[in-house]
Amino acid sequence: MTDIQNKNYIIALDQGTTSSRAIIFDRDANVVCTAQREFTQHYPQAGWVEHDPMEIFATQSAVMVEALAQAGLHHDQVAAIGITNQRETTVVWDKVTGRPIYNAIVWQCRRSTEICQQLKRDGHEQYINDTTGLVTDPYFSGTKLKWILDNVEGSRERARNGELLFGTIDSWLIWKFTGGKTHVTDYTNASRTMLFNIHTLEWDAKMLEILDVPREMLPEVKSSSEIYGRTKSGIAIGGIAGDQQAALFGQMCVEAGQAKNTYGTGCFLLMNTGDKAVKSNHGMLTTIACGPRGEVAYALEGAVFNGGSTVQWLRDELKIIADATDTEYFAGKVKDSNGVYLVPAFTGLGAPYWDPYARGALFGLTRGVRVDHIIRAALESIAYQTRDVLDAMQQDSGERLKALRVDGGAVANNFLMQFQADILGTQVERPQMRETTALGAAYLAGLACGFWRSLDELRGKAVIEREFEPQLDEGAKEKLYAGWQKAVSRTRDWEPHEGAE
């Protein structure tokens, strides 16, 4: 093997839901170059979402070549590749031709809803939760895979004969990059399939039987940081993690009680629970994360449905702001929300309420309420919902939140970050490096090949750009939060449905 000292770069491949990206990092974990290409979204029916796996591979290969060319680098200068990916998205391909037998079924796709309903009717819901840490929902790969095997003629038989392979996007990319030599996944991606026992760390025989999935088609499961194989040009592939777990690692949340929140359209919260697979009483997912060396650790995961989308609503539907960045200015013009609470339950409420029948509402309106107050209430709602999830995680895990690391587009909003710290009563840490997902994949690959020697070396590179300290006293904080809880309670069970009074 060429001396690692002569190779001064790591490439992170960030395969997302709408685009494929390549980010080149140097030894100081600085971004040298980025390349990105979008690809086609296919919507064959209402609620169905597909991608073409060949287009995903083509765009991901192209951006890697593009990034190297832009940076003026040769592949010999790259120590390793780390891969992070949209999770749960499901691909089945022919082992000989390397061609998919059907489009990739994307994590957002709801076509396997009826399969999930049948699993519930058959009494499997508790077993699924106990074994896989997941809820019975079309979100996860298992029912998507069953749908393909049920609907593509002869596919189940071919899979039993060892002719077909299954993988999440990481597996598919590695298979293609290694020229069909390597069929692997990592523990974080396996834990999102609904086929994997997160306690024994093996594919679960009963789940395979329930969903009628042939064992022969499944990838080998490995840690998130080791050398899995090499590309045709000889670059080692050394790190794999699902996107949210990669962000958790990129934020250096590797010890129990450390948590990160990604503020996007919704919010993704993950809290590391160390070597304990904590069972949630609040509908959180129990999932696998990356330990200090990329080994198995556990995490609780919760999602807020409407984060940045609440601000988009102010802009696109209400038209009271021209740009999302304006919200910080308007929110700062008033000293508080004047008693206004906005509960953005546009599509129901997620964790910890899980009420699909809740609907959005604006409370506390008086003649003294101005547009500024409503804009401020919209930003505050993102912070309140984050506290809802983090409070539940702390109750489930018994871990006290040390500090909240943040990433995603909305973290540039200083008002939101300060209010988040205030309402949590906990320090919020905003990193200088915003590419935390790609950085996590780069770290995992770098540790695997000796590019970086230890976690301590990486910690030294994690620069916090700004710390937001809580400034509200306990009484004021809890009074505000009690108002939020009251507002949420009034939105519950709004939409008429069977079983409602």
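Glycine is no exception: its Cβ is also placed from the backbone N, Cα and C atoms.
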Looking at the ATP binding annotation from Swiss-Prot, with Thr17, Thr18, Ser19, Thr265, Gly308, Gln312 already listed, which candidate in Gly179, Gly180, Gly398, Gly409 is the matching residue?
Gly409
To which of Tyr43, Tyr127, Tyr139, Tyr298 does Swiss-Prot also attribute binding of glycerol at the site defined by Arg87, Glu88, Asp243, Gln244?
Tyr139
Might you list, by sequence position, any residue in that chain lying six or more from Arg87 (sn-glycerol 3-phosphate binding site) with a Cβ less than 8 Å away from its Cβ?
Trp107, Thr168, Thr188, Asn189, Arg192, Gly242, Asp243, Gln244
Can you figure out which of Glu88, Tyr139, Gln312 (the binding-site residues) comes closest in space to Arg21 (ADP binding site), comparing Cα atoms?
Glu88
Residues flanking the glycerol site, with Cβ no more than 8 Å from the Cβ centroid of Arg87, Glu88, Tyr139, Asp243, Gln244 and excluding those residues themselves:
Gln86, Trp107, Arg192, Gly242
Quick check on the binding-site residues Thr17, Gln244: which one has the highest count of other Cβ atoms within 10 Å of its Cβ?
Gln244
For the glycerol binding residues given in the record (Arg87, Glu88, Tyr139, Asp243, Gln244), what is the largest pairwise C-alpha separation in angstrom?
15
Cβ neighbour count within 10 Å of Arg21 (ADP binding site):
23
Cβ neighbours within the same chain of Thr265 (ADP binding site) - under 8 Å, at least six residues apart:
Asn306, Gly307, Gly308, Ser309, Gln312
